[in-house]
Structures are given as C-alpha cells and as structure tokens.
Amino acid sequence: MAFFFFLLLLLLSSAEASWPPSPGFWPSTHVRSMEFYRGFRNLWGPQHQSLSQDTLSIWLDRTTGSGFKSLRPFRSGYFSASIKLQPGYTAGVITAFYLSNNEAHPGFHDEVDIEFLGTTFGKPYTLQTNVYIRGTGDGRIIGREMKFHLWFDPTKDFHHYAILWRPNEIIFLVDDIPIRRYPRKSAATFPLRPMWVYGSIWDASSWATEDGKYRADYRYQPFVAKYRNFKARGCSAYSPAWCQAVSASPFRSGGLSRQQENAMKWVQSHQLVYNYCWDNKRDHSLTPECWH
C-alpha cells in the first residue's frame, strides 16, 4: 500500500512539474470578446476564409493562403484570439497573430509577432515571438526571437494567445500565462507608432521549419487554422491623449505580479528553446537591449 501511494505521489508531482504554476491573474477575463466582423475584415485570400458559428477558418493550399486585419489601428492595447492548429505534417507553414504597420510604413515598419512554425510528424509546433522596430524586419533582418515548445498539444483544442502592448512594455501570454516580457529600454528598440492587428496563414518554406530543411508538402493540403474568441481593447490611433493603456497584471501601472513572474520563469526554464540574446552567432551591437 505504501508503495502504491508513493507511485501516486510521483505521478502527481510529475504532472504538476509539466504544467506552469497559476499566474493568479487572468487578463483575458477582463476583456470582452467581439464578433469577427465587428473588429476585423479579410485582407487577402477571401476564397480561403470562412466564418461559421463564431469560428473563423483560414487555410493555405497550393494556390494561396489567407489573412485578416483589424478595422482600426492602435497605439497600445490587449489583443488576443483563441487558436487551434492543424495536426500532422505542417512543415513550412506559418500560422500567425500579430501587430504591424507594414502597410502604413512599407520598408520601414514595426511588428510584434506570435507565429506558429509548422512541423513534421511526431515533432511539436514551435511558438515564435518576435519584435521588429522601424525596418528591422525589412531588408537586413534584425529579429528579436524567443521560441517556445508549448506544454500542451495546440492541435487538440483552442488555446488563448495574447499580445499586451503598452508604451513601456510588450507581454506575450498563452492561456493568460505570461511567457515573455519585452520592456522598453530605449526609443530605438521599441515600437511606438500605431499598428493594426493581423492574422494569417502562409507558406514560409524557406525558413519556417528547422531553417528551411523541411518545406511545405501540398500532398497534405489544405492547411487550416481556426480562430475564435477575438479580443481587442486599448487606445486606438484616434483616442484622446489621456487614454489609459491596458494592463496585463492586477496593477494599472503595468508590469507583472510576483505570481505572474513565477509562472513566466517556469515557462522560460522548461519550454524556451531559443533566445536571440543567447545566440553567439548574432551581432549583439544591433540588439543592445540584450545587455543594457
């Protein structure tokens, strides 16, 4: 009997060790969901986009992918959606939810990304977070990538992914658990111009899966991504100057609580697979926030 209880305790402790601790605060519950067409519109690939019972499906096949865009630009806010990814072989395929002003500033834009990098059979998706500032995503690319393997299978159910953008910080969250905080250390390393909210699915075979080793295989088309539970709350580009930025924590001033910090540390110690600041092949004179 004692051995049985020991095994049970071992199983429980291992189950707890494979899941992040509670963040203690759930920002998604403080933002109301919206219907897709109240906040967004199709941007490209309209024939590869459908809306059914509040779930938006977009897909990629040999002919094209698809994308959508918010109706308004924002200068800060909380932006999120519940997303379900396609299982099986998805190498080369990118499913994305992000902020950008590429259309307003072509060749010199800002961008904040959540991207799911497609994978091969038996390997997990990689969630890539990234920040581009005033053209570092154009021409000579200077990415600020942090990549994670999730603690769940993102193809089995919907999970909630969010970007919180304030004048002094960007926080990426998965199911309300902070996974990355990117603070503003200087105006040169932080996006400050208004951005729109986007989602898309597209072929990035040249780099998406193991640096382009595995490419999109259209024998497995269509590649479908599903989005629902859209949330967008913040200061639009047209809001008055006194508009207060949304917080991802119990504190109106922003930042994270100690409990949220602990949850984020767990994710970064257990699930982080790449941090641009730790990459010795990178020229870190171009990413001074890593060391200052």
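Placed from the backbone N, Cα and C atoms, the Cβ positions cover glycine too.
Pulled from TrEMBL:
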SIGNAL    1-17  signal peptide
DOMAIN    15-227  domain 'GH16'
ACT_SITE  Glu111  active site, nucleophile
ACT_SITE  Glu115  active site, proton donor
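Cβ neighbour count for Glu115 (active site, proton donor): 20 (other Cβ atoms within 10 Å of its Cβ, all protein chains included).
Less than 8 angstroms from the CB of Glu111 (active site, nucleophile) sit Tyr98, Leu99, Ser100, Asn101, Asn102, Asn130, Val131, Tyr132, Gly137, Pro191, Met195, each of them six or more residues away in the same chain.
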